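Student: Have a look at this one.
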Amino acid sequence: MEKNASTSSLKDLGPSGLDLTSAFFKPIHNSDPPLPSNRRTKVSVVGVGNVGMAIAQTILTQDLADDIALVDAKPDKLRGEMLDLQHAAAFLPRTKITASVDYEVTAGSDLCIVTAGARQNPGESRLNLLQRNVALFRHIIPPLAKASPDSILIIVSNPVDVLTYVAWKLSGFPVNRVLGSGTNLDSSRFRFLIADHLDVNAQDVQAYIVGEHGDSSVALWSSISVGGIPVLSFLEKQQIAYEKQTLEDIHQAVVGSAYEVIGLKGYTSWAIGYSVANLARTILRDQRKIHPVTVLARGFYGVDGGDVFLSLPALLGRNGVVAVTNVHMTDEESEKLQKSAKTILEMQSQLGL
């Protein structure tokens with residue numbers, strides 16, 4: 001009897017044995033059942049620019065994969081990047097690194113990470129850039145999906161929300177196996193700024209940026225906690241005054257962070273590398289952690305009007321997106337999220353997919 005009691009699930013310890021998991025999360029409908037784990041783990045990275053290589057290098061040094069495949073349209077740069085990593089073999093975990101312009105090299109991948117994208121030309125409209133990236137994805141996603149039909153897709157290319165939708169449409173994958181890097185990095189920047197203000201470790205700060213990975217993103221101030229203490233309600237109970245403009249200034253600092261880095265060094269790489277490797281770790285090792293990533297948002301938090309992808313706090317595991325978290329939002333935050341969804345839907349409507 002004691003043995004049976006010790007192995008029972010703690011999730012059933014709610015009132016009358018209530019399964020608390022169903023109260024905290026909304027399941028992803030029409031998703032595949034979990035796949036059996038493979039002996040060797042394979043990750044493919046499409047695009048070997050600054051972002052792609054930062055992701056590949058971080059995954060390599062963190063020993064997250066047995067095989068890493070690199071794909072790019074530029075064969076010389078591609079081979080150079082592969083050799084540069086291979087030559088560090090004596091200092092790294094034993095990982096097989098391959099590279100090719102042919103997507104067959106990605107066959108059998110557990111995780112495919114897409115960073116490839118067209119750069120914006122001077123004076124080019126955002127819509128024209130988006131349409132060029134959609135055309136590029138038509139050459140990337142179908143062969144990637146064909147080579148690894150059971151893989152999980154992580155889209156990093158920008159605009160990540162719309163391109164995650166495009167990847168979902170072109171791949172034919174179930175919604176749980178297509179996600180975008182979304183606001184995972186934005187939320188890390190958010191946590192850093194709050195931690196910096198309070199002089200605490202960022203890992204003790206629980207805070208999310210949701211919605212579009214862009215100007216219409218939403219900071220969920222109402223659910224922020226530090227060391228388990230809800231920040232705003234604590235300030236109110238202690239009758240500590242704060243200015244809403246101060247909160248907005250912190251959010252705007254998050255939105256402008258990437259632009260600042262690009263202005264200073266020309267591009268962003270290391271932070272997004274760690275961010276995506278963090279997602280890879282959660283998925284490949286079935287850690288069931290919550291990340292704010294780009295997912296199909298229709299039906300969550302009052303988002304409707306079509307199949308729109310944007311960032312929400314999602315539970316991730318070996319099967320991709322397991323569920324979307326029921327995070328508390330004020331009416332104002334919910335309205336801002338729905339407005340963000342409309343912004344993305346307007347862009348999607350011009351694609352003709």
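In case you wondered, yes, glycine gets a Cβ from its N, Cα and C as well.
Automatic, uncurated: that is what TrEMBL annotation is.
Below are the features listed in TrEMBL for this protein:
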ACT_SITE  H213  active site, proton acceptor
BINDING   G47, V48, G49, N50, V51, G52, D72, N133, V156, S157, N158  NAD(+) binding site
DOMAIN    41-180  domain 'Lactate/malate dehydrogenase N-terminal'
DOMAIN    183-346  domain 'Lactate/malate dehydrogenase C-terminal'
Student: Pull the DSSP breakdown for the domain 'Lactate/malate dehydrogenase N-terminal' (41-180) and write it out as helix, strand, coil residue counts.
Tutor: 68 helix, 26 strand, 46 coil
Student: Please report the Cα separation of V51 (NAD(+) binding site) and H213 (active site, proton acceptor) in Å, rounded to an integer.
Tutor: 16
Student: Within 10 Å of each Cβ, count the other Cβ atoms and name the one among the binding-site residues V51, V156 with the highest count.
Tutor: V156
Student: Looking only at G47, V48, G49, N50, V51, G52, D72, N133, V156, S157, N158, the residues listed as binding NAD(+), what is the longest Cα to Cα distance in Å?
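Tutor: Overall maximum Cα spacing for these binding residues reaches 18 Å.
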Student: G49 (NAD(+) binding site) to H213 (active site, proton acceptor): how many Å between their Cα atoms?
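Tutor: Answer for this pair: 20 Å between alpha carbons.
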Student: For the residue listed as 'active site, proton acceptor', find which of the binding-site residues G47, D72, V156, N158 come within 10 Å, Cα to Cα.
Tutor: N158
Student: Near the Cβ of D72 (NAD(+) binding site), how many other Cβ atoms are there if near means within 10 Å?
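Tutor: Excluding its own Cβ, D72 (NAD(+) binding site) sees 23 Cβ atoms within 10 Å.
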Student: Quick one: among the recorded positions G47, G49, N158, H213, which has the most Cβ atoms sitting within 10 Å of its own Cβ?
Tutor: H213
